[in-house]
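A.B. asks: Got a structure here, written out as structure tokens. Questions coming.
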Amino acid sequence: MSDVTSFISGIVKRNRAVAVNPPDPEIDFHITEHGSDWLWAAFSVYALLAVAHTGVYAFTSVRKSGLKKSLLIIPLFLNVLFAFQYYTYASNLGYTWIEAEFHHIGEGYRQIFYSKFVAWFLGWPVVLATFQIITNTAFTSTDENINLFKKFLILFEELFTRFLGISIFVLGLLIGSLIRSTYKWGYFTFSVVLQLFVIYLVVFDVIKSFKSSSHSTIGNLIILAYIVVWILYPVCWGLSEGGNVIQPDSEAVFYGILDLLTFGIIPTILTWIAVNNVDEDFFTKVWHFHLKSEGGAGYDHEKVVGETPRHSGDTAVAPSGVPNQE
């Protein structure tokens with residue numbers, strides 16, 4: 001037992017990221033070796049999930065499961081992105097510093113990691129796209145009169161609206177964290193308002209999805225439960241970059257747990273729910289009906305006329321070489 005403890009202790013002691021990449025001497029509040037240890041642990045989770053999804057993606061047949069393989073790109077992209085981000089975070093890189101407005105933990109300059117905002121800006125639209133896949137019911141009908149272009153247009157409009165909202169949410173937190181004065185809270189307000197707007201859209205989608213016979217109950221409940229996690233992001237920002245209430249190590253743990261749920265665990269679960277429920281023949285059927293509606297009467301011209309019933313008064317014409325019998 002003591003050998004195992006010594007081995008683990010030896011691994012922990014090998015983390016020299018903060019020593020190799022020390023914070024600027026001007027910074028008063030920054031992550032320490034303990035915070036870096038936690039961030040390396042989070043990085044390991046993302047890296048493990050990324051490797052696992054890379055293997056699944058590589059061995060999924062495009063011919064037999066093309067749509068499922070496309071869905072697997074979602075968790076693969078997110079886990080690679082956040083493995084990259086947490087490698088940067090744990091290495092004590094990708095940061096700047098700003099004088100703290102409030103002095104709850106003391107006066108001075110606080111370390112601000114802008115790298116995490118970049119990862120959020122790229123990753124959150126993908127998470128919302130996953131929510132849209134679970135809750136969207138626009139493509140559950142194979143009606144022959146389906147307007148395929150209109151349905152894709154509606155889907156694009158819904159995704160675009162959510163992407164704009166979540167982008168402003170992230171940018172508001174980023175810009176606010178880089179402002180020393182009380183004006184930072186104006187950007188925080190913009191951010192929270194856009195967050196609530198996107199949450200409203202997501203909840204509306206979930207409610208509409210529950211009314212569909214093809215909805216995923218587990219997927220919808222996971223999305224609703226996630227909203228609690230989502231609301232905690234502004235809370236963490238207010239306690240860290242905004243209010244200077246908690247140390248950067250505590251901030252790293254708080255954000256790390258939220259990120260693992262938001263970009264690691266939940267998208268993975270929802271993607272596999274979508275993969276399990278997806279109908280590989282569905283889009284083939286939709287495309288078939290779309291072509292049929294476009295072809296219209298063209299199908300009538302392709303009918304092969306064989307023997308037709310002879311009406312009263314018609315004269316039967318014998319085939320060539322066969323004498324007429326009257």
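Quick reminder: no glycine exception, Cβ is built from N, Cα and C everywhere.
Heads up, TrEMBL stuff is auto-annotated, nobody curated it.
Sharing the feature lines straight out of TrEMBL:
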- 300-313: compositional bias 'Basic and acidic residues' (COMPBIAS)
- 300-326: region 'Disordered' (REGION)
- 38-59: transmembrane segment (TRANSMEM)
- 117-139: transmembrane segment (TRANSMEM)
- 159-179: transmembrane segment (TRANSMEM)
- 185-207: transmembrane segment (TRANSMEM)
- 219-240: transmembrane segment (TRANSMEM)
- 252-275: transmembrane segment (TRANSMEM)
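Quick one: where do these features end up spatially?
C.D. replies: Tertiary neighbourhood of the transmembrane segment (38-59): same-chain residues 15, 17, 31, 69, 72-73, 75-76, 79-80, 82-83, 86-87, 89-90, 249, 252-253, 256, 259-260, 264, 268, selected by CB-CB distance under 8 Å and a gap of 6+ residues from either end.
Note on the transmembrane segment (117-139): residues 71, 74, 77-78, 81-82, 84-85, 94, 151, 154-155, 158-159, 162-163, 166-167, 169-171, 173-174, 177, 198, 202, 205-206, 208-209, 212, 214-216, 219-220, 223, 262-263, 266-267, 270-271, 273-274, 282-283, 286 of its chain, located 6 or more positions outside it, place their CB under 8 angstroms from a CB of the stretch.
Under 8 Å from some Cβ of the transmembrane segment (185-207) lie the Cβ atoms of residues 128, 131-132, 135-136, 158, 161-162, 165-166, 168-173, 175-176, 179, 220, 223-224, 227, 230-231, 233-234, 237-238, 242, all in the same chain and six or more residues away from its ends.
Proximity of distant same-chain residues to the transmembrane segment (219-240), defined by a Cβ-Cβ separation under 8 Å and at least 6 residues beyond the stretch ends, is recorded for 131, 134-135, 173, 176-177, 188, 191-192, 195, 199, 202-203, 206, 209-210, 246, 248, 250-251, 254-255, 258, 261-262, 266, 269-270, 273-274.
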